[in-house]
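A.B. asks: Quick one: the structure is below, and I'll ask about it shortly.
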Amino acid sequence: MAPDFPWLTAIIALPALSTLLIPLLPDKEGKTVRWYALIVGLVDFALMCFAFWQHFDPQATEFQLAESYRWLPSLGIQWSVAVDGISAPLVLLAGFVTTLAMFSAWQVNQRPRLFYALMLLLYSAQIGVFVAKDLFLFFLMWEIELIPVYLLVCIWGGKRRRYAAMKFLLYTAAASIFILVAALALSLNLPGGPNFDLGAIAQQDYPLGLQMWLYAGLLVSFGVKLAIFPLHTWLPDAHGEASSPVSMLLAGVLLKMGGYGLMRFNMELLPDAHVRFAPLLVILGVVNIVYGAFSSFGQTNMKRRLAYSSVSHMGFVLIGIASFTDLGINGAMLQMLSHGLIASVLFFLAGVTYDRTKTMVLAEVGGLGQVMPKVFAMFTVGALASLALPGMSGFVGELSVFVGLASSDTYSATFRTITVFLAAVGVILTPIYLLSMLREMFYTREMDLSCDLGQPTNVAIAGNAPVCFGNDCVLPSNAIYEDARPREIFIATCFTVLIIGVGLYPKLLMQMYDAKTQTLNTSVRQAQAIAKQPSEPIAALQAPELTMPH
């Protein structure tokens, strides 16, 4: 194909247009549609890999693979898509996780056609968010993504699925209003009339007052998606009720939209305001790390514990973005990509465990390691990656953020010391709540064979003998659990190979965005150098005047 082939448009359109053929597929049980959706996902992911391999230059800092088509010219709206160093890796992450999430959904037998149609539509919307070069198009893709997620949680979720789905919708839809307001304010203040193009907006110097107000609004919008405290409460509910394939997308891709938005809009378009808000981001990041870690201890539901773990890990993204160092911003990007892989495999394995035990309550399982050794081994690797074991991707991302903040000359030594210390407390807590979860799930508890055998529970046993925990005993028939199937081993292996590969050779991903993050940091450092007195941000919060086109 010619180099000017519309790669990104094709990548966005393929999954969405493929849903039109799903009603024509022959079977209603889902055997055909699941393979159809998987093939579409694989083809789309292959298109991404080929397009970036052939036409993406990681050393270039400008937009690449750019396409622009007139859509609503009178309003300055175009179908404009492109990628650069911070969007291309996230596009690949979305394609990788979504394809494997569809492969993991083999057990879905309730309305499978609708399920896979929504998964493919979500696939397109996710890619659209990361490649949109037009602010209005970004907002449109951001809103489209809400619809399939809401339906996927509401229809295929747990007992409280409607509550969780509605909470997610209300939080995200309400917060996204600020994205629309920011898009209108930035485009209407450009010379020559409304223009939603990111390149044109990035070249414009906006008044500090306008930047401050828009930054605050966008921080709320992206903070909801990134699960920043106290805007995070939708996440544990959504994870607790969503099916595991949907949880993989919530943790692996949707959370990253918030981090991407902060880097793309708050940092790149509003650098003067970013300088003023950066200390707040660091504080919020520390709160996320510590609060998420402590909250995980009190969770009896496996997926809710993993959800609060995600809240904790997203704190490193905030700190890295506000570090004013190349290493810290690189660490924030790597943390997003690494967490996307690690959280996805953990939620997948939580689903594998639920398929056998039919419970997410940690107190109702135990001793699974002896009857499901393969699941135990895979879960252990995922947990070790999540607690940032050296040699795995999580370690490199978190270490880069720590060193980046500690070496930043923007903050005082006292501020840096306190921040690093508190963040380290959260890091220390991570292995405690993760390893305790593994102990509850997989290690056989102390057996008492003298107890009454009349009370069977949902706890697994080892071998053929009854197992008693206090007054609760398990009969042998209750403990027949199938170990991991080849499909499940393949999915977990795909994630594990990347997690270890990036941990051992982080340049594999960092080379894609290093040049771009350096450019971002240079721009905010320049804004920092010309920043006015510290008292001015407060005065700058006077309501700005918007220039309306004649």
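Residue numbers in this text run from 1 along the chain shown.
Note that Cβ sites are derived from N, Cα and C of the backbone, with glycine treated the same way.
Note that the coordinates shown come from a computational prediction; the quantities given were computed from them, not determined experimentally.
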A.B. asks: Could you check which of 59-79, 311-331 is flagged in Swiss-Prot as transmembrane segment?
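C.D. replies: That would be 311-331, the stretch labelled transmembrane segment in Swiss-Prot.
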A.B. asks: Give the nonlocal contacts of the transmembrane segment (418-438) in its own chain as ranges (CB under 8 Å, at least six residues past its ends).
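C.D. replies: Same-chain residues near the transmembrane segment (418-438) but 6 or more away: 282-283, 285-286, 289-290, 292-294, 296-297, 302, 305, 309, 312, 315-316, 319, 362, 379-380, 383, 386-388, 398, 402, 405-406, 411.
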A.B. asks: Between the transmembrane segment (36-56) and the transmembrane segment (114-134), are there three or more C-beta pairs closer than 8 Å, counting only pairs 6 or more apart along the chain?
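C.D. replies: Touching, yes - the transmembrane segment (36-56) and the transmembrane segment (114-134) meet the threshold of 3 or more Cβ pairs under 8 Å.
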A.B. asks: Considering only Cβ pairs within less than 8 angstroms, which of the stretches 114-134, 135-155, 212-232, 332-352, 489-509 has the most against the transmembrane segment (277-297)?
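C.D. replies: If we count Cβ pairs closer than 8 Å to the transmembrane segment (277-297), 212-232 scores highest.
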A.B. asks: Taking contact to mean three or more C-beta pairs under 8 angstroms, with sequence separation of 6 or more, is the transmembrane segment (212-232) in contact with the transmembrane segment (243-263)?
C.D. replies: yes
